[in-house]
Every structure is written in C-alpha cells, then in structure tokens.
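This report concerns only the one structure given below.
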C-alpha cells in the first residue's frame with residue numbers, strides 16, 4: 001500500500017470513528033464548556049501532562065478511575081468521594097483500595113478550575129477529560145469527549161464490590177457485567193485493552209501461581225517462563241500488599257496492542273485477561289485487535305466515549321457541581 005493509500009485509509013477510519021461519536025446522549029455535548037469555561041479541557045490536560053511527566057504510570061490510574069467510576073452509579077464522580085465515619089465510600093471498597101490512584105491529579109485540576117470558573121465544571125467531566133488525555137499521551141487515539149455530566153451525591157463501598165468485574169472473572173461473567181452497563185461483548189474485549197498500560201498488585205493474580213484449585217497448584221493456561229518471572233516478582237507467602245507488576249511488561253506505559261499479543265501467548269496476567277481465549281467470539285476479537293492496531297485504537301476511542309455515557313446525571317436531573325471532588329456540597 002502506498003503512503004497516499006495508507007493516509008486515505010487512516011483518514012477514512014477517523015471519519016468512521018467521528019460518525020460514531022455523533023451518536024451521543026442528547027444532553028451531553030462536545031464543547032459543552034466552550035462558553036462557560038472555555039479553558040476547561042486545556043486546564044485538565046495540562047495537569048494530566050504534569051502528572052505524567054512526574055510518573056508515567058498515573059495515566060493508567062486515571063483511565064482506571066474513570067472506568068471504576070462509570071461502572072458504579074454511572075459516570076458521576078462518586079468514586080472520588082471520601083469515606084466518612086457514617087459511610088464507607090466506593091474508593092475504600094476492596095475492589096478499589098489500594099489499587100486506585102490519580103486522585104490528587106483530579107484534585108489539582110478541580111482547584112484550578114474552581115479559581116477560574118467557579119461552580120461550572122463537574123468532577124465527572126474532569127475524570128472523562130483526564131482519561132482521554134491519558135490515553136492520548138500514552139500513544140492512543142485522541143477523541144472528543146461529550147460533556148455536561150453532573151456529580152452524584154452518593155458513594156457506597158458495597159456498590160463498588162457488586163458492580164465492578166474482578167480479576168478472577170471468567171468470560172461469561174465479564175460479558176454479563178458489561179451488558180449490565182449497556183456495553184457489548186466486543187466492547188468488553190476492546191476496553192479490556194486498557195490493560196495495555198498500568199500495573200497490578202500481586203494479590204490480584206497470585207492464586208494463579210500458588211493456589212489455583214484443589215488439584216492444580218498453578219493455572220495450566222499460564223505461560224511457564226512468564227509464571228517463573230511472576231513468582232520472582234511476587235514470592236509465595238509475601239505479606240507486602242504493595243507489590244506490583246506491569247500488566248503488559250513489554251510496553252507498560254504505551255497504549256498499544258501488545259496486551260492482546262500477550263493474551264494470545266498465554267501471558268494474560270489476570271484470569272479476566274486470559275479468559276478471553278475461552279470463547280470463540282472473543283478469541284476472534286483478540287486476534288483481530290492484535291493484528292490491526294489502527295482498528296483497535298479507533299474502536300477503543302469509540303468504546304470509551306460510549307462508556308463515558310453510562311448513567312450520567314445531566315440537565316435538571318438530581319446532581320450537583322461539587323466545589324471539591326472529595327466531598328458533596
């Protein structure tokens with residue numbers, strides 16, 4: 001294929017993605033803050049960039065924050081609310097603590113926005129912008145984020161545990177968890193590619209190394225050389241809850257398709273990664289994504305936009321613009 005044909009093909013893909021972006025919730029709009037706080041997205045991007053320079057791993061943290069927010073009560077920034085003596089909030093659920101990070105990046109962006117455009121930009125929109133910026137800064141495809149979300153007033157740890165798919169989920173459980181949020185199985189496989197960046201605590205997958213089931217110590221689907229390396233990084237019986245490993249060792253800070261190549265090579269870190277090879281349809285999707293980086297990047301951007309619309313609070317619906325993201329007004 002000539003360079004001109006390649007360029008034309010790529011532009012066509014972008015047009016298709018842009019068309020998909022037009023199918024938005026009527027109450028969410030691209031450029032929502034163009035009149036009320038025109039610098040909003042630039043301010044968020046600048047704070048994400050500063051954080052990324054200090055710690056490249058924070059990009060994965062911000063993407064994960066957005067995902068974990070949207071899957072519990074919708075994309076309403078409830079994941080950012082601190083616990084109180086009377087309530088254990090989402091962020092302190094075992095599904096989120098101690099693995100979630102990036103809260104301070106959102107705090108800094110919110111503080112600047114409040115001093116610039118008081119009471120205008122929601123924490124939920126900041127999360128959506130920050131996730132997009134993180135993907136773009138790590139090499140993924142940039143995309144327009146429709147905004148206009150309001151912030152929720154309720155955050156319960158029990159709801160996080162009930163709604164978030166875990167690292168031991170099988171393909172049927174994952175498919176159902178995503179279907180519950182209006183996402184297809186293909187979008188589930190596409191969004192699983194977010195594991196191309198970031199890290200995981202040893203406690204999330206150590207059962208695959210040392211106590212798989214009553215008859216087998218180690219998960220037989222795990223690549224043996226990879227399992228040896230993981231055992232060195234996550235020693236059996238370790239009491240250090242802060243031990244972490246990269247989910248995609250070859251390029252842990254780059255949004256690419258190496259995650260899918262790892263899964264095909266039986267180097268998916270979690271059960272929820274490797275299980276994608278146990279279903280005929282998801283195997284096909286994994287292979288397609290591994291072979292076509294441009295297609296996956298486009299699909300991933302579109303799926304992030306769709307995920308960002310789950311259960312949003314907009315318009316006159318109950319909700320608020322929090323003055324501080326960690327507490328309701």
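Note that Cβ sites are derived from N, Cα and C of the backbone, with glycine treated the same way.
According to TrEMBL, the protein has these features:
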SIGNAL    1-26  signal peptide
DOMAIN    27-329  domain 'Plant heme peroxidase family profile'
DISULFID  37-117  disulfide bond
SITE      64  site 'Transition state stabilizer'
ACT_SITE  68  active site, proton acceptor
BINDING   69, 72, 74, 76, 78, 90  Ca(2+) 1 binding site
DISULFID  70-75  disulfide bond
DISULFID  123-325  disulfide bond
BINDING   165  substrate binding site
BINDING   195  heme b binding site
BINDING   196, 256  Ca(2+) 2 binding site
DISULFID  202-234  disulfide bond
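Overlay of TrEMBL annotations on the structure.
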residue : record                       : CB count, 10 Å
68      : active site, proton acceptor : 22
74      : Ca(2+) 1 binding site        : 19
75      : disulfide bond               : 29
78      : Ca(2+) 1 binding site        : 26
117     : disulfide bond               : 16
165     : substrate binding site       : 19
195     : heme b binding site          : 25
196     : Ca(2+) 2 binding site        : 28
234     : disulfide bond               : 21
325     : disulfide bond               : 23
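For residue 196 (Ca(2+) 2 binding site), the nearest of the recorded positions by C-alpha distance turns out to be 202; the candidates were 69, 123, 202, 234. Of all the recorded positions in the list 117, 123, 165, 195, 202, the shortest Cα-Cα distance to residue 76 (Ca(2+) 1 binding site) is found for 123. The Cβ of residue 64 (site 'Transition state stabilizer') has 22 neighbouring Cβ atoms from other residues within 10 Å, across all protein chains displayed. In this view, residue 37 (disulfide bond) is surrounded by 17 other Cβ atoms within 10 Å of its Cβ, with every protein chain counted.
When the recorded positions 37, 69, 72, 117, 165 are ranked by how far their Cα is from the Cα of residue 325 (disulfide bond), 69 comes first. Calculated from their C-alpha atoms, the gap between residue 117 (disulfide bond) and residue 90 (Ca(2+) 1 binding site) amounts to 28 Å. There are 28 other CB atoms within 10 A of the CB of residue 76 (Ca(2+) 1 binding site), with all protein chains counted.
One way to see the shell of the Ca(2+) 1 site is to take the Cβ centroid of 69, 72, 74, 76, 78, 90; the remaining same-chain residues with a Cβ within 8 Å of it are 68, 70, 71, 73, 75, 77, 79, 152, 155, 311. When the C-alpha distances from residue 195 (heme b binding site) to the recorded positions 37, 69, 90 are tabulated, the minimum falls on 69. Here the domain 'Plant heme peroxidase family profile' (27-329) has a mean pLDDT of 96 out of 100.
Packing around residue 72 (Ca(2+) 1 binding site) is summarised by its Cβ count: 29 other Cβ atoms lie within 10 angstroms of its Cβ, all protein chains included. Using CA atoms as reference points, the recorded positions 64, 68, 72, 74, 123 were checked against residue 37 (disulfide bond), and the closest is 123. On its own chain, residue 69 (Ca(2+) 1 binding site) has 75, 76, 77, 78, 79, 80, 124, 127 as residues at least 6 apart in sequence with a Cβ closer than 8 Å to its own Cβ. Of the candidate recorded positions, 68, 123, 165, 234, 256, the one lying closest to residue 74 (Ca(2+) 1 binding site) when CA atoms are compared is 68.
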